[in-house]
C-alpha cells in the first residue's frame, strides 16, 4: 500500500509511462540541466507545491525535477481530457517503486474526468493533511481561482447559488466549494495565507491573475511564466505548430492539403496554427480583433476576414483566441456539412458548446473518444473535437518534449525565485527576470548544437549591456 493518497486510472500502466518519461528526459535538456545544477543545493527544500497542469509525460519530467530539487508535490490535470494515464501512473509509482508499492507522488488525474471529478481533484491537491501548501504551479488559473473564490465565499459565509446561464463547469466549481465550506470551514483562507506565490503557465491563467490583481483580491505574489519569451514565443507558437496537426490527424484522418481552413485568432498560438495548416497545403484564412495582429497575418500571406465571411466555405475551423463566444450556434448552422470544428485555447467557451450539448433539436453521435458528430436542426452535421476543449491534448498528447523543456524550465526557475525570495515580492503579477529567460534559451541553443556569439567588452559597452546579459531591455519585442 502507498503511504499517500492518489487517484489515477491504472497503476499497471506505470511501466509504459516510465519508458516514455525516460525518452522525454533526453528531449528536455532544460529540466535535466536544472536538476544537475541545483541537486546539491536543494533550493525547493520545504516547498509544498500544489500543481495543476496537464498530466502528460512532459509534465512528469517537470514533477520529478521539482522533487529532485527538494519539493513535495501534489498534482492534478488542468483539463478533463488531457491526462496521459500511463504518465499519471508512472509518477505515482515513481522511479523506484512498483504498482504494488508506489513510492512516487500523489496524483489525481485520469483522461475523461467528469466536471465534478475534475473539481474534486482540484480540492484533493490542496489537501495536505496536517500541513498546508505553500506554492502553487498553475495552468489556466483554476487552482488559483479556487483559493481566491473559496476565501471570498468563506468570508461571506456562503457560496452563491447557481444562476441561470451559469456554465456546467462553474456549477461544478461552486458545488466543490460548497462541499469544502461545509466540511472544512476556513480551509481556503488558511491556504491563501500559507501560499508564498503562484507561477502561471498560460495566457488564459495570466489574464485571470491580472484581473484578480486589479480586483485587489490576489493574496500572494504571482509570476507570469506565460510571457517569458522562451515560453510564449516557443511553446505557444512552435508547440502548437506541431500538436495541432497531430490532434486533427488522430481525430479525423483528414487530408489537409487543399482544404479551406479558418483560424480564429493570430496571437502566438494562432500564428503556429496558421503556419502548420499552410505547411500542409491548406488554404488558410484568419479572423482577428486586434489590428496589429491582423496586419501581421496579412503580411504573412493570410487573408483576414470576419467569421461570417468565411465559415460557410471552411472545411476546418480552429479557435485560438483565449476569448469567449468566438463561434456561435448560428455560425455553426452556416458551416459546411461535416466540417470539423476544434479549439486550441484553454477553455471550451470559445465555441458555444452549451447549445450543442443541451438543445433538444441537436443530436450527438460519438465517433470515438473526443470525436463527436453533432447533427444540427438544418440537417447538416459538424464534427467537434474534444467537446470544444484543447484538441491538441484531448485528441493527441500535446506539445513535443523539447519545446515543453523551455516552458517547464521557466516554471522551475520561477518556483525557485518566488520560494526563495519570500518577502521580496508583493501581491502583484511579475514577469520572469530576463536574465533567467536568457539562461533557459542558452541551454536549449547549446542542446541543438548552436554556437552563441560572445560580445566583446567594447561591443557590450557600445550597446549598453553587460557581456553576460541581459541583452535586451524589458520593452523589447522579440
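Here, residue 1 is simply the first one shown, and the rest follow in order.
Using N, Cα and C of the backbone, Cβ positions are placed for all residues, glycine too.
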Legend entry - Additional site residue, 86, 200, 201 [criterion: listed by Swiss-Prot with 56, 139, 231, 235 for substrate]: 201
Legend entry - Fewest-neighbour residue among binding-site residues, criterion Cβ within 10 Å, set 139, 201, 235, 288: 288
Inset, instruction - Quick one: of 265, 267, which of the binding-site residues has the smallest count of other CB atoms within 10 A? - result: 267
Legend entry - For substrate: widest Cα to Cα gap among 56, 139, 201, 231, 235 in Å: 17
Legend entry - Close binding-site residues near residue 346 (NAD(+) binding site), where close means Cα within 10 Å, chosen from 56, 201, 231, 235: none
Inset, instruction - Compute the C-alpha separation of residue 235 (substrate binding site) from residue 269 (NAD(+) binding site), stating it in Å without decimals. - result: 9
Inset, instruction - May I ask for the distance between residue 265 (NAD(+) binding site) and residue 231 (substrate binding site), taken between their Cα atoms and rounded to an integer number of Å? - result: 18
